[in-house]
Amino acid sequence: MEPEGRDAAGKPLLVRVTGSSGGDGHGSASSSSIAAVVGSTAVAVAGSFEFGLSIGYSSPSQLGIMRDLHLSLAEYSVFGSILTIGAMLGAIVSGSIADRAGRRGAMAISDVICTLGYLLIAFSQNYWWLDIGRVLTGCGIGILSYVVPVYISEITPKNLRGGFATVNQFMICCGGSLAFVLGTFITWRTLAVVGVAPCLLQLVGLLAIPESPRWLARSGHPGAFVAALQKLRGQGTDISEEASEIKVFTEKLQDLPESKMLDLFQKDYIRAVTVGVGLMVLQQFGGVNGILFYASEVFVSAGFSSGNTGTVAMAIVQIPMIGLGVLLMDKAGRRPLLMISAAGTCLGCLLVGLSFLSKEQHWERDLNVLALAGLLVFIGSFSLGMGGIPWVIMSEIFPINMKGSAGSLVTLVNWLSSWAVSYAFNFLLIWSTYGTFFICASICGLTVVFVERLVPETKGRTLEEIQASMNSPFHK
């Protein structure tokens with residue numbers, strides 16, 4: 001080994017491993033690095049699974065909780081929706097926690113909060129325990145919704161980053177599906193105890209995985225930075241070029257003043273903020289949560305005898321399409337997948353809108369089948385790109401000195417938009433069913449234009465390259 005540089009104490013800062021053939025030294029994957037990255041990602045997405053489980057918990061638990069604790073529908077509605085309030089609170093502090101405690105530390109803190117929340121729910125004897133537990137669970141997943149994609153993006157090689165980061169969305173979907181399935185067989189208290197399991201598994205796994213090398217470099221731990229990067233890339237891999245790029249970029253950050261939330265709205269960072277916030281708003285205002293929450297009612301309104309067939313079909317379509325997105329992410333690129341996904345959701349909403357329009361206008365032909373086809377096209381298209389890619393891009397475009405405040409803002413906007421759509425969707429359906437879906441179709445169409453005009457392609461580029469091109473302080 002030959003040293004590539006030294007820190008202030010005279011210790012080697014960057015290490016070149018000679019004679020290795022495992023990688024290109026610039027973030028590409030070698031066979032020896034895959035296991036470490038896969039293992040670290042698997043531990044991180046246990047938090048995504050917890051996220052999905054928490055989102056899906058309230059639906060199968062409703063009848064049991066209302067019966068056992070003698071809750072009214074209004075009281076249970078508060079329990080179901082208060083998760084979002086907790087998630088907003090978690091989102092507000094997620095960036096600062098991840099910056100101060102590290103990515104692993106933030107995941108550990110969220111695991112403790114979620115565990116406490118689920119235990120309060122599992123052993124609750126009254127309304128207040130139940131709601132406090134739900135708020136705590138929301139706080140935990142609010143932190144996880146930010147830190148998991150950020151950690152994955154910071155540890156993975158550039159040519160695998162997109163696919164690995166999309167596993168986050170895949171595991172959210174799996175967690176939600178498991179909650180629906182298990183909730184039909186076990187009691188709500190037992191399901192709450194099941195919710196503790198991913199937290200405990202992640203807490204144990206965090207002891208074995210490395211911290212984000214970029215966070216270590218930013219926090220002034222050069223020795224730990226090199227060790228973590230070497231562990232992730234494989235012991236036989238030359239990390240000198242990638243480590244040098246991270247170090248140079250980090251040194252540029254040291255010359256900048258300490259970042260504040262208001263700094264995000266200066267011209268230096270406004271493009272990245274516009275892309276990050278815009279994608280989150282368009283993701284939610286396309287109507288996905290409203291459609292998922294009220295899918296059964298939509299199918300019944302369209303003329304089907306039961307909503308069960310449609311919701312089962314949607315679940316069957318969702319997971320394979322997310323898997324396809326994972327496979328295509330680092331081949332097709334982010335922008336093409338986003339535009340195809342948004343165009344598909346636009347088409348899906350148009351089909352559903354036409355179905356309701358035909359029913360309301362008493363057209364001769366029965367177009368009920370369009371409602372089923374449209375919702376399946378919508379959920380399949382959304383799962384392909386719009387579900388996961390905005391989180392991937394969010395984790396890529398902000399420099400590490402702004403990532404905490406920017407990540408908190410973007411995550412908060414996502415949860416706030418989610419709540420607004422979920423709250424308003426039923427009222428919109430009462431106003432006009434076909435009008436609601438035509439509005440969603442228009443927003444999905446606008447998303448295609450937004451992506452084409454503003455969203456950069458990040459496939460195959462290091463985080464430092466992406467951030468330098470997006471944020472003006474790093475252009476020089």
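Counting starts with 1 at the first residue shown.
Cβ coordinates come from backbone N, Cα and C, glycine included.
As written in TrEMBL, here are the features:
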| type | residues | note |
| --- | --- | --- |
| TRANSMEM | 34-56 | transmembrane segment |
| DOMAIN | 40-459 | domain 'Major facilitator superfamily (MFS) profile' |
| TRANSMEM | 76-97 | transmembrane segment |
| TRANSMEM | 109-129 | transmembrane segment |
| TRANSMEM | 135-152 | transmembrane segment |
| TRANSMEM | 164-185 | transmembrane segment |
| TRANSMEM | 191-209 | transmembrane segment |
| TRANSMEM | 269-292 | transmembrane segment |
| TRANSMEM | 312-329 | transmembrane segment |
| TRANSMEM | 336-357 | transmembrane segment |
| TRANSMEM | 369-394 | transmembrane segment |
| TRANSMEM | 406-425 | transmembrane segment |
| TRANSMEM | 431-451 | transmembrane segment |
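Beyond its flanks by at least six residues, the transmembrane segment (406-425) meets 81, 84-85, 87-88, 91-96, 98, 142, 145-146, 150, 261, 264, 269, 272-273, 276-277, 280-281, 283-285, 287-291, 293-294, 390, 394-395, 398, 436 of its own chain at Cβ-Cβ distances under 8 Å. Take the transmembrane segment (109-129) and the stretches 34-56, 76-97, 191-209, 312-329, 431-451: counting Cβ pairs under 8 Å, 191-209 has the most. The stretches the transmembrane segment (164-185) and the transmembrane segment (269-292) are not in mutual contact, being linked by fewer than three Cβ pairs under 8 Å (pairs 6 or more apart in sequence). Here the listed stretches are 34-56, 76-97, 191-209, 312-329, 431-451, and the one with the most C-beta pairs under 8 angstroms to the transmembrane segment (269-292) is 431-451.
The stretches the transmembrane segment (369-394) and the transmembrane segment (312-329) meet in space: the count of Cβ pairs below 8 angstroms, excluding pairs fewer than 6 apart in sequence, reaches at least three. Only residues 6 or more beyond the boundaries of the transmembrane segment (76-97), in the same chain, are considered here, and those with a CB under 8 A from a CB of the stretch are 54-55, 58, 62, 65-66, 105-106, 109-110, 113, 130-131, 134-147, 403-409, 411-412, 414-416, 418-419, 422-423. If you take every residue in the domain 'Major facilitator superfamily (MFS) profile' (40-459) and average the pLDDT, you get 89.
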